[in-house]
Structure formats: C-alpha cells, structure tokens
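> Questions regarding the structure given below will be posed in turn.
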Amino acid sequence: MNKVLLHCRPGFEKECAAEIQDLAAELEVFGFPRVINNSGFVIFEGYGPEDGRILMEQLSFNQLVFARSWFMVLAELKDMDTEDRISAVMEHSELLPKAGMLWVESGEGDEYRSLLSFCRKFTVPLRQAMRSSGVLTKKEHDKMPRIHLFLTDSGNGYLGYSRSDNGSPFYMGIERLKFPSDAPSRSTLKLDEAFSVFLTKEEQEERAHSGMKAVDLGACPGGWTYQLVRRGMFVEAIDNGEMAPSLMETGQVKHYSVDGFKHEPIHTNNRWLICDMVEKPDRVASLMARWFINGWCHDAIFNLKLPMKQRYTMVSDCLNQLSSALRHAGVRHEIKAKHLYHDREEITVYVHRRK
Ligand SMILES: C[S@@+](CC[C@H](N)C(=O)[O-])C[C@H]1O[C@@H](n2cnc3c(N)ncnc32)[C@H](O)[C@@H]1O
C-alpha cells in the first residue's frame with residue numbers, strides 16, 4: 001500500500017514525478033518516484049507502508065497538473081503465465097475493494113498500440129472472472145471504486161484501485177471527444193476538454209451559458225471562439241489574423257485586429273476571458289492577473305506554453321505568481337491547472353473568481 005501509479009503524457013514523466021514528490025512531501029509523505037522516460041507513467045513509492053493510501057485519501061487529484069489519472073498499487077504482477085493471466089491477477093483479488101468498474105490500461109501512444117488492443121480484449125474475460133468472484137458489481141457503477149490493471153507489457157503490470165471521488169472519471173484519464181466537423185481548428189477540442197475537466201456539469205450550466213459575454217485573446221482562426229459560440233455566448237475575438245467566416249456569420253462574434261496584451265474589453269460585463277496566445281508563460285500569467293484585478297472577467301481559461309527545460313518549475317512559478325498577485329489585490333479565487341490530453345507543450349489553466 002505504499003505505491004501509487006500516475007498516468008501522464010509520454011515525455012512528461014519527470015514533471016509528473018517532481019510534482020507528486022513535492023505534494024507528497026507537503027503531507028509529510030516521503031518517498032521516491034520511479035521514472036522510465038517516455039513510458040507514460042510514474043510510480044511513486046513511499047517509505048511508509050501506508051503512504052499510497054495516505055496520498056489517495058489526503059491529496060486531491062485536482063491538485064496534480066501533470067497526472068492524468070492515478071491509482072493505488074496493491075500488487076505488482078511479474079512474469080505472468082501468458083496462458084493464464086486471469087489466475088495471476090485473481091490471485092490478488094482478496095486485496096481489492098468491491099468495485100463498480102474495471103479498467104485494463106497501459107501507456108498512451110504508438111508504442112503501446114498493440115498492448116492497448118490486448119488490454120481491451122483481456123478486459124472481457126477478466127471482468128467476467130471478477131464479477132463471478134464478487135469483486136466487481138454485475139453492472140457498472142461510476143460512484144464506486146475502480147479497479148485498474150496497468151500492463152507494462154503482456155506479462156507484467158500493476159494491479160490496484162482508485163476512488164471515484166478522487167480520481168479521473170476517464171479510462172487512462174483521457175476523455176474521448178468528437179471533433180466537430182464545422183469547427184475552424186483542431187484546437188477547439190482543447191477548450192472543450194478544459195470545460196469538461198475543470199467544471200462539473202452543474203458549474204458549466206451556471207457559469208458558461210447562453211447570452212454571456214466573452215473575450216478571446218489570440219482567437220484566430222476561431223477554434224476556441226467556436227466553443228463559446230456553440231454555448232450561445234457573444235465573443236470579442238482579438239487577433240491580427242483571419243477569423244473563420246462561418247463564425248462571423250453567426251452574428252455572435254466581433255473581431256478586432258489589435259494586440260491582445262494591450263486590448264481593454266469593450267464591454268464591462270464579460271463573464272469569460274480565454275487566451276491561447278503563443279507567448280512567454282509569465283507574461284500570460286501577468287496578463288490574466290491584470291484582467292481579474294481590473295474586474296474585466298469572472299472566469300478564465302488559458303494556456304501556459306511550456307519551455308524546453310524546467311517545465312515543472314516554470315508551471316509552479318507562474319501559478320504562484322498569479323495566485324499571489326490576485327491575493328494581494330483582494331481577488332478571491334480558485335485556480336485549477338492540468339496537462340490535458342489535447343495539450344502538447346503547454347498546460348491549461350482555469351481561474352474562477354469567488355464571490
Ligand atoms: C495557437 S493560435 C490560436 C488558435 C485558436 N485558439 C483556435 O482555436 O483557433 C495563437 C494565435 O494567437 C495570436 N497572437 C499571438 N500574439 C498575439 C497578440 N499579442 N495579440 C493578439 N493575438 C496574438 C496569433 O495571431 C495566433 O492566431
């Protein structure tokens with residue numbers, strides 16, 4: 001019970017490891033991460049026998065920026081008999097809590113393609129075995145613990161579980177979103193994913209609904225604006241580039257060819273600020289602080305582009321800088337940040353002004 005496994009984007013294992021080690025240390029959980037570059041996962045091993053459990057209970061999954069999903073490891077499966085992997089897994093079934101779902105997972109990316117296809121096939125008989133033994137409910141329940149079997153190859157892996165109230169609700173932490181064929185750019189999926197990761201359904205209904213006003217800094221060709229228009233909002237789109245004509249035809253968008261760093265909002269009652277300008281992250285963080293301090297928006301979603309090196313340090317510094325600027329100005333707020341599935345060399349941040 002001293003280990004947790006964290007999924008991350010392949011190539012970001014070091015950031016994921018540094019982050020869990022820091023956050024664990026804040027809870028006085030000390031240990032070390034095991035990192036294999038480009039594997040898409042990290043194991044954090046605590047020195048105390050119950051450290052995995054302590055982390056799952058006391059550390060909020062939402063605090064983790066670089067982890068897409070996580071679970072507590074209960075057993076390490078080594079050199080499973082490839083003729084009978086079911087028995088190798090079920091040997092440990094008494095360790096598992098009664099669960100509502102089973103996820104057989106692996107890393108993400110081309111290297112894992114055939115292993116992931118095996119994971120999907122293997123899920124069917126393993127689920128059957130777990131249902132017969134009573135570990136798994138007969139029907140899926142999304143409010144119960146989830147069993148994770150993470151395979152590193154066809155004979156080795158980790159078995160454990162996550163809590164439904166403190167983990168990602170998605171298989172491998174990835175929400176599969178459909179690209180809308182009429183959207184002007186693929187980056188539209190990034191904002192769609194951000195809404196769904198950062199806001200509950202109820203919060204989306206309350207905070208991002210029809211009739212609201214929004215500003216999009218660095219808007220062209222309009223993939224992010226598209227998501228706001230789709231939600232019935234009216235958007236000031238700021239960019240020197242060209243906006244997609246289909247968006248302009250909706251009558252919900254006004255385009256201004258000006259510098260996003262100098263622009264001041266035309267309307268005073270903007271609910272949203274979104275920003276996807278490719279700029280230095282500390283500059284973007286300062287700009288976001290300025291909008292909140294001036295009372296120009298209530299909610300913001302923006303990207304922080306990551307540097308080549310020191311990515312975790314930069315993220316921590318920018319988020320601290322933003323939070324402390326808002327605190328000093330007396331702006332009550334909540335900040336969430338995630339390296340989303342649709343993010344590459346950037347993270348996405350959500351800031352909400354508290355009443
Ligand atoms: C990654 S693209 C935005 C894509 C857009 N979110 C979408 O989904 O279609 C970045 C945009 O930021 C714009 N940009 C960069 N610096 C800017 C600035 N200082 N002021 C306004 N726009 C800027 C660029 O012209 C570019 O169109």
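Every residue, even glycine, has its Cβ placed from backbone N, Cα and C.
So TrEMBL says this about it:
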ACT_SITE  LYS305  active site, proton acceptor
BINDING   SER187, CYS220, PRO221, GLY222, GLY223, ASP239, ASP259, ASP276  S-adenosyl-L-methionine binding site
DOMAIN    1-71  domain 'RlmM ferredoxin-like'
DOMAIN    84-162  domain 'Ribosomal RNA large subunit methyltransferase M THUMP-like'
DOMAIN    185-279  domain 'Ribosomal RNA methyltransferase FtsJ'
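So where do these features actually land, and what's packed around them?
LYS305 (active site, proton acceptor) is surrounded by 17 other CB atoms, counting those within 10 A of its CB over all protein chains shown. Under the three-state DSSP scheme, LYS305 (active site, proton acceptor) falls in the strand class.
Taking a C-beta cut-off of under 8 Å and a sequence gap of six or more, GLY223 (S-adenosyl-L-methionine binding site) has these contacts in its own chain: ALA183, PRO184, SER185, ARG186, SER187, THR188, LEU189, LYS190, LEU191.
Model confidence over the domain 'Ribosomal RNA large subunit methyltransferase M THUMP-like' (84-162) stands at 96, taken as the mean pLDDT rounded to a whole number.
Helix, strand and coil counts from DSSP across the domain 'Ribosomal RNA methyltransferase FtsJ' (185-279) read 30 helix, 18 strand, 47 coil.
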> Closest to LYS305 (active site, proton acceptor): which of the binding-site residues CYS220, ASP239, ASP259, ASP276, going by Cα position?
ASP276
> Hey, which of the binding-site residues ASP239, ASP259, ASP276 is the loneliest by Cβ count within 10 Å?
ASP259
> Which of these binding-site residues has the least crowded Cβ, counting other Cβ atoms within 10 Å: PRO221, GLY222?
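Comparing Cβ neighbour counts within 10 Å for the binding-site residues PRO221, GLY222 gives PRO221.
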> Taking the residues SER187, CYS220, PRO221, GLY222, GLY223, ASP239, ASP259, ASP276, which the record names as binding S-adenosyl-L-methionine, find the longest CA to CA distance and state it in Å to the nearest whole number.
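Binding-site diameter by Cα atoms for S-adenosyl-L-methionine: 21 Å.
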